[in-house]
There are 2 protein chains.
Amino acid sequence: MNIQPDEFSLIAKYFQRSKGAGNDTGSAVSATSQSRSRRDVAVGIGDDAAVVIPPSDCGIAITTDTMVSGVHFDDKVPVAAIGHKLVAVNLSDLAAMGAEPAWLSLSCAFPAIDEAWLAEFSRGFFAAADYYRCALIGGDVTKGPLTLTLTAQGIVPADRYLQRSGAQPGDRIYVSGTLGDAALALAGQQGRVNVPEQWLPELEKRLFYPTPRVGLGQLLRNQATSAIDLSDGLLGDLKHILTASKVGARIQLDALPYSKAFAGSISGPEGWRYQLAGGDDYELCFTIPESRCGGLETLALQAGVKVTCVGIIDGSREMRFFEKNQPRDINLDGYSHFASRD
Amino acid sequence: MNIQPDEFSLIAKYFQRSKGAGNDTGSAVSATSQSRSRRDVAVGIGDDAAVVIPPSDCGIAITTDTMVSGVHFDDKVPVAAIGHKLVAVNLSDLAAMGAEPAWLSLSCAFPAIDEAWLAEFSRGFFAAADYYRCALIGGDVTKGPLTLTLTAQGIVPADRYLQRSGAQPGDRIYVSGTLGDAALALAGQQGRVNVPEQWLPELEKRLFYPTPRVGLGQLLRNQATSAIDLSDGLLGDLKHILTASKVGARIQLDALPYSKAFAGSISGPEGWRYQLAGGDDYELCFTIPESRCGGLETLALQAGVKVTCVGIIDGSREMRFFEKNQPRDINLDGYSHFASRD
């Protein structure tokens, strides 16, 4: 290992300021300094492992996502956004299970120590972690190509977590927020789409700072029959629900929710491509019996999240598309997006 | 992302055979196929996150370690050993907390898909995971420089986990197994020490296939006042106990346990260097009141682990060394080993 002790101290400094990082870096970060933010952290950073005390009769939802430099982000991404996004993409997975985020473990490989980078990364990381009341309880720091792995854990009632497998024919298909913004921002940056300058910042905000639907996920516990987070795009992700639930879907293309910035930049079938298969939305897609739709829409509005019905589950085992209630062919192959999650 | 869908299927194949990998790879691995090995896994691989149901009134110990190609392993390391070691180093951390290993999340970045490599890696990984009755509950697979991160979770009674901070003056200092074997194997491979050919395989086995002291860690719950796992070497790791416990130590150099292969290869002060600061032992170091020593030694023997008293805690805040009860100067700086954990 070529990371020197003083460099470990530097790293500890940036993660200690807000919470600390690295069970095994031998840092001077004390357990108690970590426990302040959550009373259920019995041992935080600074021992061989962290110890958390979950509430009785609860399940623990666990997810992990890796972001690699040059693959999931590049020099054009603000460094604080990398920290934010690493937290957000993991919490989005927890939201899709109906879990309340709680504890984070961060593993980093750094090719060299860059203090400015660490300061910005940890700023973005802790802004997101603090907002969602998560504690960083440990991690690992090694030398290597810039790779960031976060494992996030959340608390969920043992019998009320959401899965992909419960959708029933007749259930309504909903998505939260708007679709396609992040993918359109990327296309605009790369010159694949001519995005008007006035709209690019708003779209880029959605790309750089996705909003995991943590509150909505918990509201859905008693309501939804299935849920998934939209990382690869509605088409690919809804397909996981259909497969797991052994059902089909009818999608109303003209119901797909879009932002003002999106509508100002693109429309029609070309827009659908970004809404259906662009990816990086980090919204929730869920199914819910018709009888609960009104109540759910009210609850979501109170929680500050717009939810939109975009279709209905049927027994066909197929995904079909409609525009103004007329069947519309979508070439699924052309839309399929099999990117790994980031 | 350049990892294609058929490549995801390949990866799923190698991890599915024994347990599967990747919450979010969209693999066809069903949740139920993962739950067989542990009844407390409610949702395994194949949803947005895993869900586990811990026993009531228990704490969860959580640790994470990253291994990077070219930093923590190279082409000379058997690929199955990489899989084994990734599990072992994490379980060693759990052992030091007195926790019973339970659930594993694996994140991998691969530059390309190498089926032979995956087969060997997963063989070593699952041999270790199965031996210690851990379930792989999820993970992530992305394209990138070969980097492997494992997050391991274990179950521990909420009021009986071990920490580094409880050592008291008068407590005896113990280590499990033998020290220095792995570091000597590495030195032998690199030609820094002339290790007799007859002993190298045995030493290399300790380097490539470390044995986390999982059973011993759980035995220590009611006995030890502090514990740590030996990854960086006794000197550096015991120092963490002394710092956390605000105590000092007297170490008997001639009491340091060694293997036959070690004794056949090196001796005296040069040997101490590997025993004190070589690292990669993955033994436990712990402290225990004198009154419990006899009982503990018997318990450990019954569990098939040798434990050796190597010194005593005192109130000095220093670490002092003795040979045949005579003070012996050890240049701490020369021995200090600040490698990052692997």
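Numbering starts at 1 and runs along the chain as displayed.
Even glycines carry a Cβ here, placed using N, Cα and C.
Note that TrEMBL annotation is computational and uncurated.
As recorded in TrEMBL, the features of this protein are as follows:
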{"type": "DOMAIN", "residues": "B:46-156", "note": "domain 'PurM-like N-terminal'"}
{"type": "BINDING", "residues": "B:Asp48, B:Asp93, B:Asp229", "note": "Mg(2+) 3 binding site"}
{"type": "BINDING", "residues": "B:Asp48, B:Thr63, B:Asp93", "note": "Mg(2+) 4 binding site"}
{"type": "BINDING", "residues": "B:Thr64, B:Asp65, B:Asp140", "note": "Mg(2+) 1 binding site"}
{"type": "BINDING", "residues": "B:Asp65, B:Asp93", "note": "Mg(2+) 2 binding site"}
{"type": "BINDING", "residues": "B:His72, B:Asp280, B:Tyr335", "note": "substrate binding site"}
{"type": "BINDING", "residues": "B:Gly139, B:Asp140, B:Arg164, B:Ser231", "note": "ATP binding site"}
{"type": "DOMAIN", "residues": "B:168-263", "note": "domain 'PurM-like C-terminal'"}
{"type": "BINDING", "residues": "B:Asp232", "note": "Mg(2+) 5 binding site"}
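In the set B:Thr63, B:Thr64, B:Asp65, B:Gly139, B:Arg164, none of the binding-site residues has a C-alpha within 10 Å of the C-alpha of B:Asp280 (substrate binding site). Cβ neighbours within 10 Å of B:Asp232 (Mg(2+) 5 binding site), excluding its own Cβ and spanning all shown chains: 26.
Here the candidates are the binding-site residues B:Asp48, B:Thr63, B:Arg164, B:Asp229, B:Asp232. The one whose C-alpha lies nearest to that of B:Asp140 (Mg(2+) 1 binding site) is B:Asp48. Of all Cβ atoms in the shown protein chains, 32 besides its own fall within 10 Å of the Cβ of B:Asp48 (Mg(2+) 3 binding site). With respect to their backbone Cα atoms, B:Asp229 (Mg(2+) 3 binding site) and B:Arg164 (ATP binding site) stand 10 Å from each other. Take the Cα of B:Asp93 (Mg(2+) 3 binding site) and measure to each of the binding-site residues B:Asp65, B:His72, B:Gly139, B:Asp232: the nearest one is B:Asp65. Reduced to three states, the DSSP call for B:Asp280 (substrate binding site) is coil. A simple way to gauge crowding: the CB of B:His72 (substrate binding site) has 25 other CB atoms within 10 angstroms, across all the protein chains here. For B:Asp140 (Mg(2+) 1 binding site), the number of other Cβ atoms no farther than 10 Å from its own Cβ, over all displayed protein chains, is 29.
Summarising the ATP site geometry, the residues cited as binding it (B:Gly139, B:Asp140, B:Arg164, B:Ser231) extend over a maximum Cα to Cα distance of 32 Å. All protein chains shown were included, and the count of other CB atoms within 10 Å of the CB of B:Asp65 (Mg(2+) 1 binding site) stands at 28. For the binding-site residues B:Thr63, B:Thr64, B:Ser231, the greatest number of Cβ atoms within 10 Å around a candidate Cβ is found at B:Thr63. With the fewest other Cβ atoms inside 10 Å of its Cβ, the least crowded of the binding-site residues B:Asp93, B:Gly139, B:Arg164 in this structure is B:Arg164. Mean pLDDT for the domain 'PurM-like C-terminal' (B:168-263) in the predicted structure: 96. Proximity to chain A, defined as a CB-CB distance below 8 A, holds for B:Thr63, B:Ser231 out of the binding-site residues B:Thr63, B:Ser231, B:Asp280. Ranking the binding-site residues B:Asp229, B:Asp280 by C-beta neighbours within 10 Å puts B:Asp229 at the top.
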